């Protein structure tokens, strides 16, 4: 839908901006044999991996898929189990597609920029581009090639060879970046085409279904907010003796020290029976204890 496209576009733009700032303020190639590759690949891969994990974590479908996963496969036949597995695989592919937007954008932008790639593979540049001093050893050649990303470390007589190597590596990096973009675009397009071809719904029916799911989720969230507020209000009224927000409060309840201790501390979700849970310590107290104790009358006139 439009919301997904807009969200993906915003994520891509933020990733591009972050990559540019990240490169400007933090990236500085060590220009040393053995360190260039590790440093360049770290800047290429680690942020992409972090963005991928964040993409998974920020998607509500991930937690819907993971939480209560045992209940997905309980008391189902083999045919239903197969259908459940297909549904899980489909949802997982959808989550992965959304999560890949930021890391793929990062990789594509960094490859098109070329700085990380040049730093990582400069010492492995083809030998025939190294025109000066051909009789040196291979280790010495790698040491000199490793300094090419840092122009101030290159001797003047090798400046032309350096320019040729840098141009070659930038060419390779940018071609790889554009190929990555092309592969992703083609894959996304074919995925949407296949999904549409195998969909049991017509175009307008699918739009109606999408609108229904969106409205149902909004109404469910509103009902959840109101229901949980009303449910919590009963427990708060039992503890304090009045409903929050009431204008005419006749009396209030004075909780005892034992009751204050009962609702204080760390709270965990507590299973009461096969169907119900206690959501908090106050909830647990309200279901178990009677609301007896000391009450204080409030005068209506101040």
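Start at 1 and count along the chain as shown; that gives each residue its number.
Quick reminder: no glycine exception, Cβ is built from N, Cα and C everywhere.
Residues 47, 51, 98, 101-102, 105-106, 109-110, 113, 115-116 of the same chain lie 6+ residues outside the transmembrane segment (5-25) yet bring a C-beta within less than 8 angstroms of a C-beta in it. The annotation transmembrane segment is assigned in TrEMBL to 5-25 (among others).
If you look up TrEMBL, you'll see 37-58 (among others) marked as transmembrane segment.
According to TrEMBL, the transmembrane segment annotation covers 87-108 (among others).
Per TrEMBL, the feature transmembrane segment maps to 175-198 (among others). Residues 97, 100, 104, 107-112, 117 of the same chain lie 6+ residues outside the transmembrane segment (175-198) yet bring a C-beta within less than 8 angstroms of a C-beta in it.
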Positions whose Cβ lies under 8 angstroms from the transmembrane segment (37-58), at least six residues beyond its ends:
15, 19, 22, 27, 29-30, 95-96, 98-104, 106-107, 110-111, 116-121, 123-124
